[in-house]
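Asks: Pasting the relevant annotations from Swiss-Prot:
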SIGNAL    1-41  signal peptide
DISULFID  CYS62-CYS523  disulfide bond
DISULFID  CYS80-CYS479  disulfide bond
DISULFID  CYS153-CYS218  disulfide bond
DISULFID  CYS310-CYS358  disulfide bond
DISULFID  CYS552-CYS591  disulfide bond
TRANSMEM  728-748  transmembrane segment
TOPO_DOM  749-845  topological domain 'Intravirion'
Amino acid sequence: MSFTDQTYTRSCMHTCITRDHRLYGIVIISLLLLLDNSVFCQNENKVIDIKKDEKIWPYRICSGMSQATDIVRFGRNIQCPEYSPKDEGTEGILLIYKQNIVPYIFPVRIYYKELTIRYRYADVFSYYDMGDVTKKIPIMETEKTLIDMDGKCYSAARYVEGGAYMDAYDGDEHNHTVPFMLGYQNPDGGVTRYVTVDTHRPCLPGTWLRKTCTTVNCIVTDTYAKSRYPYDFFAISTGEIVDGSPFYTGDNDKKFSETYTKFKVYNEYERLEELTVSSTKKRTFDKIAFLEKRDYSISWEVKEEDQAPCQYVLWKASTQALMTKTVNNTYHFTSRELTATFGANDKEELKLAEKYPCVYEDAKETFEKMFSQNLKDTHVLNNDAKNNYSYVSHGGLILIFKPVKNKEIVQLMNITHLLNNTHANMTKHRRKRETSSSASSKGIYDLYGDLNVAQVQFAFNTLKSYINQALMSIADAWCRDQKRTNEIWGIISKINPSAALSAIFDKPVSARYLGDVISVSKCINVNQDSVRIYQTLKVPKTGEEWGDRMQCYSRPLVTFRLDNETASTIRTGQLGVDNEILLGNYRTELCQENSIRYFVAGAQIHVFQDYDFYHTIKLSDVDIVDTFVHLNISFLQNIDFQMLRLYTQEEQYASRLLDLETLLRDFNTYRQRIYKLEQAIVTKPYVPPAGMQQALQGLSGVGSVITGTLGAMQSLVSGVASFLQNPFGGTLSIILIGCIIVGVIIIYNRMNQSRGSPIDYYFPYVNQTLPQRQLQQHVGDPPSYDESIGSSHTYSKEDALLMLKAMKELDKSEKEAQIEATKSQPSIIDRIRRRGYTTLSSMNI
């Protein structure tokens, strides 16, 4: 039910109105004067204005977290060292060294040429990209010298392809030297790139032509490489890997798996620090290595391996450490500051000066510094024991322990030693005296000295035994108490995880079990000034009868808002334990007669009698059940338990040989253009529909033939469609279709002409007039009548045959005349060359 429902509002108003007004006013005035708390009925609902105490936990929301931010667990089977009275405990300084995961970082220079071959095609309207090819070509040793000394590079590139040398020229021009320019610089990632070409060469072919363009870009990259112990290979920040030690010189025993013929070391090598035109500053290297790989070349400075980071680095140092040798012949190093115990086998002592000289020198310097700063006034070095103890812990850490002694104990031991020597000398001199005078000459001093020696020796032995026993007992009890406390916390956390984890972290958290681990979430603090608590715990009726007893809320109802919400926003919930706000209002119970409830809110306790607000008392007025057994001791310091982090986030970040962030930044910055890749042609077999496929399978061999035929037809159609989709194929198809249409039109017109006048079509020279020379041959007497009309009106087969032969000869002669006339005409080239001139008519003189 919502808190703004009318039924609930009427119930609240009824609760306010049914009280005696005078009694209610007296109660309010008394509470205001005595308890300094404001209780009022605002508008329609009764609420209590709560004053928060900053020293206690704030109002917050811990329940209902959908997802935890962290997961934790309690340790199991914690092993404590087995201390015994025979264990030898020694006080001293403890240094703990962890393995250094930060790799050896050194600068490198990468050389290569980027060859880009582009194919372009153009038609009338647009240009077409037919694909391109990009190759990385390593720079040879001779050209490297030109780059490092003069800051220039050749514009040509030579590479091997198919067993033959191939030459490529930038812009398809002659080979020449070009200067470098700054192409890209990333100071954070340590990448600086120099290029000779910032853009591709223009590639615009003519209409209906295909063009190939070449761009050769000389690229030099100054970046960093990383190598981790045992330094068998190193990785470059741009993603390349060199399978060889950075300390390999060609004649030492370092690992090198690259091609030896492509590797060379230069002594006293000088090169430019920057490859820009304005840079002239050079640097000389004692040794620099050059390696040519398949698609790039690389150079780096070769140093000695002792200049690399030490394999182990100091992690923790303690001036109050205890070394104890157990009955199992193992050493346990307990540190008060670290609240931890490290175990090591006593037979695995390290020889630091030989195996780890860098650790030995650093430990020596650290011991001297810590002793002079922290222990010089109270302790002295223990000269009776070894200089230092160095062992490898069970977790792979190097433990170096230096024994020290308290000055008071040393002074006591010196007094004992002095008294013992005095007693021995006096005894020696007395032996030379006579026996008669021995008893009389033994004075009180000798007896006093013997007594002092005995007393001092006894006191020292007793004190030493007591101190050693106390130290061992405290160390053992400390470990066992932590183990038991850990087990108790684990059991309590199963009952109430949030309360247990809040007590451990000393701040309110929300916790719940997720299987065998505990999810922990930070509580959300609400606006502290907006929290209001209602004065009644009775659930308003909704028109239905509850029975003999009404329903009442088991926890008070509250309203609140979050910090980022406006004052008009009202959220509802119920007040939980320790100022926790529980979401929802479903926590109810059957109302009890003569009930009284105390609820802590802030620095006050609100009392509800018969489920209505009665009065408020101060939280400090209620006595606390004292469960502590107080120890009357002074100068007792608390120990703060902290998580021991072996490696920091900075060390873990630096330990990665290949940095993905730097790689992606370099990739996205430099390779901004997307290269088109040639798509592989995959022939897909024809698959008929399911029903048709079943029918064809029933035809066995015949069905297979039909399926193959359909597949071939599909392949043919797909090939034709692919050809038409290509710009060249589509253009050629349009031209062929146009030629076919023009040819059909010409043929159609000629067929119509042949049908209309076949004689004129087949014999176009019939209508031509005879030449004059033909007429002159018939001048003379006309023929007779009989000769002119012929002897008959019909023609024989022989006449027809002669006529056809004559027509054939006539047609042949006409064609030869046309050919001769065509040959006599000038060609197109002659017409263009002799344009503006006219042909003179020939005359016979």
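The backbone N, Cα and C atoms fix where each Cβ goes, glycine too.
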Asks: Here's one to test understanding: among the disulfide-bonded residues CYS218, CYS310, CYS552, CYS591, whose C-alpha is closest in space to the C-alpha of CYS62 (disulfide bond)?
Replies: CYS552
Asks: The transmembrane segment (728-748): which same-chain residues, six or more beyond its ends, come within Cβ distance under 8 Å?
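Replies: Contacts of the transmembrane segment (728-748) (Cβ under 8 Å, skipping residues fewer than 6 from its ends): 121, 123, 208, 722.
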Asks: Give the number of CB atoms, excluding that of CYS153 (disulfide bond) itself, located within 10 Å of its CB.
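Replies: So the number of other Cβ atoms within 10 Å of CYS153 (disulfide bond) is 27.
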Asks: Relative to the Cβ position of CYS479 (disulfide bond), how many further Cβ atoms are located within 10 Å?
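Replies: Total other Cβ atoms inside 10 Å, all chains included: 19.
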Asks: Out of CYS62, CYS218, CYS310, CYS523, CYS591, which has the highest number of nearby Cβ atoms, where nearby means within 10 Å of its Cβ, if these are the disulfide-bonded residues?
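Replies: Neighbour-count leader: CYS218.
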Asks: What whole-number Å value do you get for the CA-CA distance of CYS591 (disulfide bond) and CYS310 (disulfide bond)?
Replies: 73
Asks: Among the disulfide-bonded residues CYS358, CYS552, whose Cβ has the fewest other Cβ atoms within 10 Å?
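Replies: Candidates: the disulfide-bonded residues CYS358, CYS552. Fewest Cβ atoms within 10 Å: CYS358.
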Asks: Across the whole of the topological domain 'Intravirion' (749-845), what does the mean pLDDT come to? Round it, please.
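Replies: Summarising the topological domain 'Intravirion' (749-845) by its mean pLDDT gives 66.
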Asks: What is the nearest of the disulfide-bonded residues CYS310, CYS358, CYS479, CYS523 to CYS218 (disulfide bond), using the Cα of each?
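Replies: Nearest listed residue in space: CYS310.
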Asks: What disulfide-bonded residues among CYS153, CYS310, CYS358, CYS479, CYS523 are found with a C-alpha within 10 angstroms of that of CYS552 (disulfide bond)?
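Replies: Of everything listed, nothing lies within 10 Å of CYS552 (disulfide bond) (Cα to Cα).
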Asks: Work out how many Å separate CYS310 (disulfide bond) and CYS523 (disulfide bond) at their Cα atoms, rounded off.
Replies: 44
Asks: Whole-number Å only: compute the distance from the Cα of CYS479 (disulfide bond) to the Cα of CYS523 (disulfide bond).
Replies: 33
Asks: How big is the Cα-to-Cα gap, in Å, between CYS358 (disulfide bond) and CYS523 (disulfide bond)?
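Replies: Spelling it out, the Cα of CYS358 (disulfide bond) and the Cα of CYS523 (disulfide bond) are 48 Å apart.
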Asks: Give the helix, strand or coil assignment DSSP yields for CYS62 (disulfide bond).
Replies: coil
